[in-house]
Ligand SMILES: C[S@@+](CC[C@H](N)C(=O)[O-])C[C@H]1O[C@@H](n2cnc3c(N)ncnc32)[C@H](O)[C@@H]1O
(Lines of atoms letter the chains of each structure in order from A and count residues from 1; the text may use other names and numbers.)
(Lines give C-alpha, C1' and ligand atoms only; values in the text may rest on other atoms or scores of the structure.)
Protein backbone atom coordinates (compact mmCIF):
# COMPACT_ATOMS: atom_id res chain seq x y z
CA UNK A 1 0.00 0.00 0.00
CA UNK A 2 2.86 2.37 0.83
CA UNK A 3 6.27 2.75 -0.75
CA UNK A 4 8.61 -0.02 0.51
CA UNK A 5 9.68 0.71 4.09
CA UNK A 6 7.29 3.65 4.45
CA UNK A 7 4.03 4.02 6.36
CA UNK A 8 2.33 2.03 9.12
CA UNK A 9 1.79 -1.74 9.13
CA UNK A 10 -1.39 -2.91 7.39
CA UNK A 11 -2.77 -5.10 10.18
CA UNK A 12 -1.69 -3.77 13.57
CA UNK A 13 -4.45 -5.70 15.35
CA UNK A 14 -2.47 -8.87 14.68
CA UNK A 15 0.14 -7.92 17.31
CA UNK A 16 -0.68 -9.88 20.41
CA UNK A 17 2.19 -8.94 22.65
CA UNK A 18 3.97 -10.59 25.53
CA UNK A 19 2.11 -12.81 27.95
CA UNK A 20 -1.59 -13.51 28.08
CA UNK A 21 -3.80 -11.25 25.98
CA UNK A 22 -5.65 -9.08 28.56
CA UNK A 23 -8.64 -8.75 26.24
CA UNK A 24 -8.80 -12.47 25.39
CA UNK A 25 -8.96 -11.53 21.72
CA UNK A 26 -11.86 -9.07 22.17
CA UNK A 27 -11.09 -5.83 20.34
CA UNK A 28 -12.68 -2.46 21.08
CA UNK A 29 -12.42 -1.37 17.43
CA UNK A 30 -13.51 -2.62 14.03
CA UNK A 31 -10.74 -2.69 11.41
CA UNK A 32 -11.97 -0.35 8.69
CA UNK A 33 -10.83 -0.26 5.10
CA UNK A 34 -11.34 3.45 4.59
CA UNK A 35 -9.83 5.22 1.64
CA UNK A 36 -6.56 7.04 2.24
CA UNK A 37 -6.43 10.35 0.36
CA UNK A 38 -3.36 11.41 -1.60
CA UNK A 39 -2.48 14.00 1.07
CA UNK A 40 -2.78 11.43 3.87
CA UNK A 41 -0.68 8.91 1.96
CA UNK A 42 1.97 11.54 1.28
CA UNK A 43 2.11 12.43 5.00
CA UNK A 44 2.33 8.76 6.01
CA UNK A 45 5.11 8.03 3.53
CA UNK A 46 7.19 11.06 4.47
CA UNK A 47 6.57 11.32 8.23
CA UNK A 48 5.89 7.82 9.55
CA UNK A 49 9.58 6.95 9.99
CA UNK A 50 10.08 10.11 12.10
CA UNK A 51 6.85 10.35 14.13
CA UNK A 52 5.20 6.96 13.82
CA UNK A 53 5.27 4.16 16.39
CA UNK A 54 4.36 0.60 15.42
CA UNK A 55 2.49 -1.32 18.13
CA UNK A 56 4.17 -4.67 17.59
CA UNK A 57 3.49 -5.99 21.09
CA UNK A 58 7.21 -6.61 21.68
CA UNK A 59 9.38 -3.50 21.56
CA UNK A 60 9.51 -1.66 24.91
CA UNK A 61 8.83 2.06 24.60
CA UNK A 62 11.22 4.57 26.15
CA UNK A 63 8.82 7.52 26.32
CA UNK A 64 11.26 10.30 27.33
CA UNK A 65 13.60 9.20 24.48
CA UNK A 66 10.68 8.99 22.04
CA UNK A 67 9.65 12.55 22.94
CA UNK A 68 13.14 14.06 22.88
CA UNK A 69 13.36 14.53 26.63
CA UNK A 70 9.82 15.72 27.41
CA UNK A 71 8.86 14.27 30.78
CA UNK A 72 5.10 14.76 30.85
CA UNK A 73 3.55 12.22 28.49
CA UNK A 74 -0.18 11.73 27.95
CA UNK A 75 -1.67 8.79 26.05
CA UNK A 76 -4.70 9.47 23.85
CA UNK A 77 -6.58 6.36 22.77
CA UNK A 78 -8.67 6.54 19.60
CA UNK A 79 -7.98 9.96 18.07
CA UNK A 80 -10.07 9.36 14.94
CA UNK A 81 -9.10 12.03 12.39
CA UNK A 82 -6.95 13.79 14.98
CA UNK A 83 -8.08 17.42 14.69
CA UNK A 84 -8.74 17.77 18.44
CA UNK A 85 -5.49 15.94 19.23
CA UNK A 86 -3.42 18.35 17.12
CA UNK A 87 -5.21 21.28 18.76
CA UNK A 88 -4.45 20.02 22.28
CA UNK A 89 -0.81 19.31 21.38
CA UNK A 90 -0.39 22.83 19.99
CA UNK A 91 -1.91 24.36 23.12
CA UNK A 92 0.42 22.46 25.47
CA UNK A 93 3.90 22.11 23.93
CA UNK A 94 5.49 20.88 27.18
CA UNK A 95 3.31 17.78 27.19
CA UNK A 96 4.09 14.91 24.84
CA UNK A 97 1.00 13.29 23.33
CA UNK A 98 1.22 9.66 22.30
CA UNK A 99 -1.85 9.35 20.07
CA UNK A 100 -2.99 5.80 19.27
CA UNK A 101 -5.43 4.54 16.66
CA UNK A 102 -5.74 1.81 14.07
CA UNK A 103 -7.37 4.08 11.50
CA UNK A 104 -4.88 4.71 8.66
CA UNK A 105 -6.56 7.80 7.11
CA UNK A 106 -6.69 9.39 10.58
CA UNK A 107 -3.00 8.64 11.15
CA UNK A 108 -2.15 10.35 7.86
CA UNK A 109 -4.39 13.29 8.68
CA UNK A 110 -2.88 13.77 12.14
CA UNK A 111 0.69 13.63 10.78
CA UNK A 112 -0.27 16.23 8.16
CA UNK A 113 -1.80 18.50 10.82
CA UNK A 114 1.24 18.04 13.09
CA UNK A 115 3.64 18.99 10.31
CA UNK A 116 1.56 21.97 9.28
CA UNK A 117 1.46 23.27 12.87
CA UNK A 118 5.17 22.54 13.43
CA UNK A 119 4.41 20.29 16.41
CA UNK A 120 7.28 18.38 17.98
CA UNK A 121 5.36 16.98 20.97
CA UNK A 122 3.17 14.47 19.12
CA UNK A 123 3.79 10.85 18.14
CA UNK A 124 1.29 8.65 16.31
CA UNK A 125 1.04 4.97 17.23
CA UNK A 126 -0.53 2.36 14.97
CA UNK A 127 -2.41 -0.47 16.65
CA UNK A 128 -4.32 -1.50 19.73
CA UNK A 129 -3.74 0.75 22.73
CA UNK A 130 -4.37 -2.21 25.04
CA UNK A 131 -1.43 -4.07 23.50
CA UNK A 132 0.72 -0.95 23.84
CA UNK A 133 -0.12 -0.62 27.54
CA UNK A 134 0.16 -4.31 28.31
CA UNK A 135 3.18 -5.36 26.29
CA UNK A 136 5.23 -2.25 25.49
CA UNK A 137 5.10 -0.18 28.68
CA UNK A 138 6.23 -1.83 31.91
CA UNK A 139 4.21 -1.17 35.06
CA UNK A 140 5.27 2.18 36.51
CA UNK A 141 4.47 5.89 36.53
CA UNK A 142 5.19 6.51 32.81
CA UNK A 143 1.98 8.35 31.94
CA UNK A 144 0.88 11.74 33.25
CA UNK A 145 -2.58 11.18 31.81
CA UNK A 146 -4.80 9.02 29.63
CA UNK A 147 -7.50 10.45 27.32
CA UNK A 148 -10.34 8.48 25.82
CA UNK A 149 -12.63 10.78 23.84
CA UNK A 150 -15.80 9.34 22.32
CA UNK A 151 -14.76 5.69 22.26
CA UNK A 152 -16.89 3.34 20.13
CA UNK A 153 -20.09 2.96 22.20
CA UNK A 154 -20.90 -0.62 21.20
CA UNK A 155 -24.60 -0.06 21.96
CA UNK A 156 -25.85 -3.65 21.55
CA UNK A 157 -25.83 -5.68 24.74
CA UNK A 158 -23.99 -8.59 23.12
CA UNK A 159 -21.22 -6.13 22.17
CA UNK A 160 -20.80 -4.52 25.59
CA UNK A 161 -17.74 -6.70 26.17
CA UNK A 162 -16.07 -4.77 23.34
CA UNK A 163 -16.33 -1.45 25.17
CA UNK A 164 -12.84 -0.18 25.95
CA UNK A 165 -13.72 1.01 29.45
CA UNK A 166 -13.85 -2.20 31.47
CA UNK A 167 -12.54 -2.93 34.98
CA UNK A 168 -9.50 -4.84 33.64
CA UNK A 169 -8.61 -2.06 31.18
CA UNK A 170 -8.97 0.61 33.87
CA UNK A 171 -6.56 -1.24 36.19
CA UNK A 172 -4.14 -1.81 33.29
CA UNK A 173 -4.14 1.93 32.53
CA UNK A 174 -3.75 2.75 36.24
CA UNK A 175 -0.69 0.52 36.47
CA UNK A 176 1.12 2.71 33.88
CA UNK A 177 0.01 6.08 35.30
CA UNK A 178 1.76 8.32 37.83
CA UNK A 179 0.04 9.10 41.13
CA UNK A 180 -2.15 12.15 40.53
CA UNK A 181 -2.42 11.48 36.77
CA UNK A 182 -5.84 12.09 35.21
CA UNK A 183 -7.90 9.61 33.24
CA UNK A 184 -10.22 11.77 31.13
CA UNK A 185 -13.08 10.13 29.25
CA UNK A 186 -15.89 11.73 27.28
CA UNK A 187 -18.89 10.26 25.51
CA UNK A 188 -22.16 11.37 23.94
CA UNK A 189 -23.75 7.93 24.47
CA UNK A 190 -25.72 8.19 27.71
CA UNK A 191 -25.72 4.44 28.55
CA UNK A 192 -21.94 4.29 28.02
CA UNK A 193 -21.50 7.39 30.21
CA UNK A 194 -23.38 5.61 33.01
CA UNK A 195 -21.31 2.47 32.41
CA UNK A 196 -18.06 4.46 32.56
CA UNK A 197 -19.14 6.17 35.75
CA UNK A 198 -19.93 2.82 37.37
CA UNK A 199 -16.68 1.18 36.25
CA UNK A 200 -14.46 4.12 37.20
CA UNK A 201 -16.18 4.78 40.53
CA UNK A 202 -15.68 1.11 41.49
CA UNK A 203 -11.94 1.19 40.70
CA UNK A 204 -9.66 1.07 43.76
CA UNK A 205 -7.02 2.99 41.78
CA UNK A 206 -8.92 6.18 40.96
CA UNK A 207 -10.83 8.94 42.76
CA UNK A 208 -13.47 11.01 41.00
CA UNK A 209 -11.96 14.45 40.34
CA UNK A 210 -15.33 16.07 39.55
CA UNK A 211 -16.36 18.85 41.94
CA UNK A 212 -17.82 17.18 45.03
CA UNK A 213 -15.99 13.94 44.21
CA UNK A 214 -18.92 12.29 42.42
CA UNK A 215 -20.72 12.22 39.08
CA UNK A 216 -19.76 13.79 35.77
CA UNK A 217 -17.24 16.62 35.50
CA UNK A 218 -17.85 19.95 33.79
CA UNK A 219 -16.24 19.91 30.36
CA UNK A 220 -12.60 21.02 30.88
CA UNK A 221 -11.94 24.26 28.97
CA UNK A 222 -8.92 22.75 27.21
CA UNK A 223 -10.79 19.87 25.55
CA UNK A 224 -11.63 20.82 21.94
CA UNK A 225 -14.84 19.57 20.34
CA UNK A 226 -14.02 16.39 18.45
CA UNK A 227 -15.41 15.18 15.13
CA UNK A 228 -17.52 12.43 16.74
CA UNK A 229 -18.71 14.82 19.41
CA UNK A 230 -19.95 17.25 16.75
CA UNK A 231 -21.90 14.43 15.11
CA UNK A 232 -23.41 13.46 18.48
CA UNK A 233 -24.35 17.05 19.27
CA UNK A 234 -26.03 17.37 15.86
CA UNK A 235 -28.20 14.38 16.81
CA UNK A 236 -29.17 16.10 20.07
CA UNK A 237 -27.00 13.90 22.30
CA UNK A 238 -25.77 15.15 25.66
CA UNK A 239 -22.03 14.95 26.22
CA UNK A 240 -20.51 13.80 29.50
CA UNK A 241 -16.91 14.24 30.66
CA UNK A 242 -15.47 11.96 33.33
CA UNK A 243 -12.30 12.95 35.19
CA UNK A 244 -10.68 10.43 37.51
CA UNK A 245 -7.39 10.90 39.34
CA UNK A 246 -4.91 8.06 39.95
CA UNK A 247 -4.75 7.72 43.68
CA UNK A 248 -1.46 6.08 44.68
C1 LIG B 1 -15.80 6.74 17.72
S2 LIG B 1 -14.16 7.08 17.23
C3 LIG B 1 -13.80 8.64 18.04
C4 LIG B 1 -12.62 9.35 17.44
C5 LIG B 1 -12.27 10.69 18.07
N6 LIG B 1 -11.81 10.55 19.44
C7 LIG B 1 -13.41 11.66 18.00
O8 LIG B 1 -14.02 11.93 19.05
O9 LIG B 1 -13.69 12.16 16.89
C10 LIG B 1 -13.24 5.93 18.19
C11 LIG B 1 -11.84 5.68 17.66
O12 LIG B 1 -11.16 4.85 18.59
C13 LIG B 1 -10.36 3.93 17.88
N14 LIG B 1 -10.11 2.80 18.80
C15 LIG B 1 -11.04 2.03 19.41
N16 LIG B 1 -10.44 1.13 20.19
C17 LIG B 1 -9.09 1.33 20.10
C18 LIG B 1 -7.96 0.69 20.67
N19 LIG B 1 -8.09 -0.32 21.51
N20 LIG B 1 -6.74 1.14 20.33
C21 LIG B 1 -6.61 2.18 19.47
N22 LIG B 1 -7.65 2.83 18.90
C23 LIG B 1 -8.88 2.41 19.20
C24 LIG B 1 -11.19 3.61 16.65
O25 LIG B 1 -10.38 3.11 15.59
C26 LIG B 1 -11.81 4.96 16.32
O27 LIG B 1 -11.00 5.71 15.43
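Going from the start of the chain as shown, residues are counted 1 onward.
For all residues, glycine too, the Cβ spot is worked out from N, Cα and C.
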S-adenosyl-L-methionine site partner of 76, 101, 152 (as recorded in TrEMBL), chosen from 42, 56, 62, 128 | 128
For the substrate site that TrEMBL gives as 156, 226, 227, 228, 229, the extra residue out of 92, 94, 188 is 188
Expected hit for region 'Disordered' in TrEMBL across 1-28, 197-224 is 1-28
With the Cβ under 6 Å from ligand 1 as the test, give me the qualifying entries from the binding-site residues 76, 101, 152, 156, 227, 228.
-> 101, 152, 227, 228
Judged by other C-beta atoms within 10 Å of its C-beta, the most isolated of the binding-site residues 101, 152, 156, 228 is 156
C-alpha spacing of residue 76 (S-adenosyl-L-methionine binding site) relative to residue 229 (substrate binding site), in angstrom | 16
Among 156, 188, 226, 228, these being the binding-site residues, pick the one whose CA is nearest to that of residue 76 (S-adenosyl-L-methionine binding site).
-> 226
In sequence order, which residues at least six apart in the same chain have a CB under 8 Å from the CB of residue 227 (substrate binding site)?
-> 80, 81, 83, 84
